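According to TrEMBL, the domain 'VanZ-like' annotation covers 70-150. The annotation transmembrane segment is assigned in TrEMBL to 12-31, 38-55, 80-97, 104-122, 134-154.
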């Protein structure tokens, strides 16, 4: 359902990307001193990940399998770009909360791998495992971590005393 909507409105993923690129560092800077709020928001940002990846899909998958393919997300490949965007908010917020970018990046990639593994072994949900989904999600996790680090760096630069 969401894929059909995105295909009918391809501008939406581009708008989402631009919004996250602009707002991400600002959100990170704004939440820099509030790790508890950042953790709660990170948990809330995982809800769409769970709903969009593990809720029963429209089709049925009869056997355990995983499609192995590699494709880079572009502005015209809305489904791949949506997979990137899905993992930006939770990893951005978790990085702000934890101040540990590398473990968050690994956790984001690991979560995506776990989702794909579940999709492969639980045919009843009608989802298909695809390595391109994992790589796109991991790229999104890296973007979220990077935007958080940028926002936290900007926050420190603004708050640092001047040495005139």
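Heads up, the Cβ atoms here are built off N, Cα and C, so glycines get one too.
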Sequence-remote contacts (6 or more beyond its ends) of the transmembrane segment (80-97), Cβ cut-off under 8 Å?
2-3, 6, 13-14, 16-17, 20, 24, 27-28, 31-32, 35-36, 38-39, 41-42, 45-46, 48-49, 52-53, 71-74, 104-105, 107-108, 111-112, 132-133, 136-145, 147-149, 151-152
Six or more residues out from either end of the transmembrane segment (134-154), which same-chain residues have a Cβ under 8 Å from its Cβ atoms?
20-21, 24-30, 32, 70, 73, 80-81, 83-93, 95-96, 99, 101, 104-105, 108-109, 111-113, 115-116
Residues of the same chain, at least six outside the transmembrane segment (104-122), with any C-beta under 8 angstroms of its C-beta?
49, 53-54, 61, 64-66, 87, 90-91, 94-95, 98, 128-131, 133-134, 137-138, 140-142, 144-145, 148
For the domain 'VanZ-like' (70-150), the mean pLDDT of the predicted model:
93
Same chain, outside the transmembrane segment (38-55) by at least 6, Cβ under 8 Å from its Cβ: which residues?
2, 31, 86-87, 89-90, 93-94, 96-97, 111, 115, 118-119, 125, 127
Summarise the domain 'VanZ-like' (70-150) by DSSP state, stating how many residues are helix, strand and coil.
65 helix, 2 strand, 14 coil
